[in-house]
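Engineer: Submitted below is the structure of interest, expressed as structure tokens.
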Amino acid sequence: MKFEDLLLQIGGFGRFQIFILFILCLPRINLPMHFLLHNFLAATPSHHCAIPHQEAFVNLTMEEILLISIPREPDGTFRSCEMFSQPQFHLLLNFSLQTENSSIIQHCQHGWVYDHSQFTSTIATQWDLVCEQRGLNQATATFFFIGVTVGAVVFGYLSDRFGRKAMLLLSLTCSVVFGMLSAASVSYSMLAITRTLTGVALSGVSLIVLPFGMEWVDIQHRTFTGILSSIFWSIGSMLLAMAAYLVREWHWLLVAVTAPCLLSIVCLWWVPESARWLIANGKVKQAHRNLIRCARMNGKKDFAVSQEALRRMATDKKPGGSYSYISLFRTPVLRKISLCSGAVWFGVAFSYYGMSMKLTGFGLNMYLSQFVFGIIEIPAKMVMYILVNRVGRRQSQAWTLILTGLCTGANVIIPKSLTSLRSIVAIMGKGFSEAAFTTVYLYTSELYPTVLRQNGMGYTSFMARLGGSLAPLVFLLDEVWRSLPEVTYGGVAVCCGSVAFLLPETLNVRLPEGIEDVE
């Protein structure tokens, strides 16, 4: 007897499954609110060098003071990182005469003045993470994703070893603690450390929620489960835009996006441990109790199964605790799956966060861009619900990622003056990117056997977070060539999308229980 046969007897998608899926989807709302928070947490408003002894220019307007103190760009805007060593009063007579003597131009010596019309404060304005320190500002996102990368490895192993529910509860609790400590940061070093630890904690939530819910539903509803969970990510993405619009001070914004984790912690007490995991790890008594609870809630009161029957279902090859990440590469089919799925996850995350962290240049303000990028994901996921069941997981995965890369590359050649067209292409690219992310979660959870599923998700999530860690730093390549970041994102997406064609199809295939089922 397979676990799917048990699900048919207790109800593979009844009131019980709907109840636990709703609770498990709540933490998904929190994920984008932290994963995409960098757009607002580290936003850099317009700024220029602070001008010393400004009170001496009593007869000059602010515009005139800037004119004699700050050099200008060819387009007429004042430079952000340079100032004149001495006031250039002759520019008051003819401001079109820009000095060509570079010896009187120097880097900012007295700090910066920021435009606070859009943000009360960000970490960029708090610790002057601009100009020469711009790299540190981008690095805050990298620190967070390094934490997520480490967390993927840690929680992937721990959830296979100690269970889905316990590790999900631990990760949510740590997310609250480190999220609040981030909000209370008094130095850049403290923020970098606490954001890294927040990433470690939230990685557990990202990793566990979908497989946890999917292990309770039947084959016919696995796709629906994956899409439903993913839609809550999009809701969180839209809520982030609203929260950032309402809360313009970075400390309180961190509090606002962290507090909802408390609701998830409370609700999680009503979710039972995965019976599939319990059986695979020989915990038959608790599995029996959870199955009876599921059957009763689904109205299957005549359901009966002996604990002895469950024991026979338990994997007898070797105990669950003896599996490790090395097991993903020991056998030929699993090795190919692991190498290819790792490349796909890297490409999906690298391109997704590359697009998600660029909210300007499309003719929309950043709050509206964030909201539109979130709302476009929902119809993209609805379409994926049909596609993955019609054309299969493999084709859907490959083409959504390839089209993401093509849309990203298209905006390199579209003139910046055509803002409407650039916005449409960017939104299409974001839709394809989210469709690729939606598919990869569903696809990967079906590729690995139960005894290695969380290890597999941990490894692929590690690859994804590696891509997420590198994505913010690629923006710094614009100093080499302005379009190099977009070319990099697009090229990686197309290459990794092509690798997806090498993976096996899992449409309407039973979830494998042991390694021999995969091989």
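Easy rule for this one: first residue shown is 1, then count along the chain.
Backbone N, Cα and C atoms are what each Cβ position is placed from, and that goes for glycine too.
Keep in mind it's a predicted model, so treat the numbers as computed, not measured.
Straight from TrEMBL, here's the annotation block:
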type     : residues : note
DOMAIN   : 87-508   : domain 'Major facilitator superfamily (MFS) profile'
TRANSMEM : 12-31    : transmembrane segment
TRANSMEM : 139-159  : transmembrane segment
TRANSMEM : 166-186  : transmembrane segment
TRANSMEM : 192-212  : transmembrane segment
TRANSMEM : 224-246  : transmembrane segment
TRANSMEM : 252-271  : transmembrane segment
TRANSMEM : 337-355  : transmembrane segment
TRANSMEM : 367-387  : transmembrane segment
Engineer: So, does the transmembrane segment (337-355) come close enough to the transmembrane segment (12-31) to give 3+ Cβ pairs below 8 Å, pairs being at least 6 apart in sequence?
Structural biologist: no
Engineer: Check the transmembrane segment (139-159) against the transmembrane segment (192-212) for contact, please; criterion is three or more CB pairs under 8 Å, pairs 6 or more apart in sequence.
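Structural biologist: They do touch: at least three Cβ pairs between the two stretches lie under 8 Å.
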Engineer: May I ask which of the stretches 192-212, 224-246, 337-355, 367-387 has the most CB pairs under 8 A with the transmembrane segment (166-186)?
Structural biologist: 192-212
Engineer: For the domain 'Major facilitator superfamily (MFS) profile' (87-508), report the average pLDDT of the model, please.
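Structural biologist: Averaging the confidence scores along the domain 'Major facilitator superfamily (MFS) profile' (87-508) gives 86.
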Engineer: Would you call the transmembrane segment (367-387) and the transmembrane segment (252-271) in contact, using three or more Cβ pairs under 8 Å, pairs 6 or more apart in sequence?
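Structural biologist: Result for the transmembrane segment (367-387) with the transmembrane segment (252-271) is no.
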Engineer: Using a Cβ cut-off under 8 Å, which residues of the same chain at least 6 positions beyond either end of the transmembrane segment (337-355) come close to it?
Structural biologist: 35, 141, 145, 328-329, 373, 397, 401, 404-405, 408, 426, 429-430, 433-434, 436-437, 440, 443-444, 447-448, 456, 459-461, 463-468, 470-472, 474, 485, 488-490, 492-493, 495-497, 499-500, 502-504, 518
